[in-house]
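**Student:** The structure's right below; bear with me while I get my questions together.
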Amino acid sequence: MMGCLSGIARYILFLFNFLILAAAAGLIAVGVLYKVNNVGLDVLSVSTYTIVVGVVIALIAFFGCCGAIKESRCLLSTYAYVMVTIFILQVVLIVLAFLAMKNGNLELDEEVKTYLTKIYENIFTSPEEADIVNTLQRYFECCGIDNSYTLVTNATSGLLIESCFSDTDTQQKVMYIKNCVNELRDFIMNNAKIIGGIAIGVALVELVAAIFSFCVKDNISRQHEFV
């Protein structure tokens, strides 16, 4: 019975890591394509990080795949301990992130405000930053920072920028009155909760994978004892 369950665990472990390996290969491919199409980017670019993360994930998944299919106790042990280590680190990071979210609303407000202020200050001189502000305000239906409209008011005409209004194609424009700092902060907090939930799910999967790996390794060890 135990041998049967161990065999099932071995194939589940192999299939799981094969899918992870395929996903890692896709991640590496995306990173390489992005890097090839953006030759001017420096070494510390998003594409480089993507490739590095993809390679690390692929290496761990390779240990899991080969360990399961080859019944290698060494590879399975390495894989299991790596997964346990990642699980522990991930749990620590999740707890720290939760505590930071619980106690860091004011700090986040200041960081968001500082970030947005730097962009808003240049909207009349930089087309790129003007596009960022317009996209932000239309998406969140907000206008200005901390209920102040100085940075979104054209000094020459004395008028607010068009993205502060709901519909620029009609005569009856409705002005957005929401604060962009609050809207962006809430967006970050809500997405952080979603990411946290996903991270918890991934951590549980990692723990199960480690348990499966230990079970398969122990079964292989017992088989060798009877040979």
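Cβ atoms are placed via backbone N, Cα and C, with glycine included.
Automated prediction, rather than curation, is the source of TrEMBL annotations.
Pulled these features from TrEMBL for this protein:
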- 12-34: transmembrane segment (TRANSMEM)
- 46-69: transmembrane segment (TRANSMEM)
- 81-101: transmembrane segment (TRANSMEM)
- C142-C180: disulfide bond (DISULFID)
- C143-C164: disulfide bond (DISULFID)
- 194-216: transmembrane segment (TRANSMEM)
**Student:** To the nearest whole angstrom, state the Cα distance for the pair C142 (disulfide bond) and C164 (disulfide bond).
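**Tutor:** About 7 Å separate the Cα atoms of these two residues.
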**Student:** Other than its close neighbours in sequence, what residues sit by the transmembrane segment (46-69), given a CB gap under 8 Å and a spacing of at least six beyond its ends?
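**Tutor:** Residues packing against the transmembrane segment (46-69) from afar: 10-11, 13-14, 16-18, 20-21, 23-28, 30-32, 34-35, 38, 75-76, 78-79, 82-83, 86, 209, 213, 216-217.
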**Student:** How many Å separate the Cα atoms of C180 (disulfide bond) and C143 (disulfide bond)?
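**Tutor:** On Cα coordinates alone, these residues lie 6 Å apart.
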**Student:** Could you say whether, by DSSP, C142 (disulfide bond) belongs to a helix, a strand or a coil region?
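**Tutor:** In the DSSP reduction, C142 (disulfide bond) maps to strand.
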**Student:** 10 Å Cβ neighbour count around C143 (disulfide bond)?
**Tutor:** 22
**Student:** If you count Cβ atoms within 10 Å of each one, which of the disulfide-bonded residues C142, C164 comes out on top?
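**Tutor:** Highest number of other Cβ atoms within 10 Å: C164.
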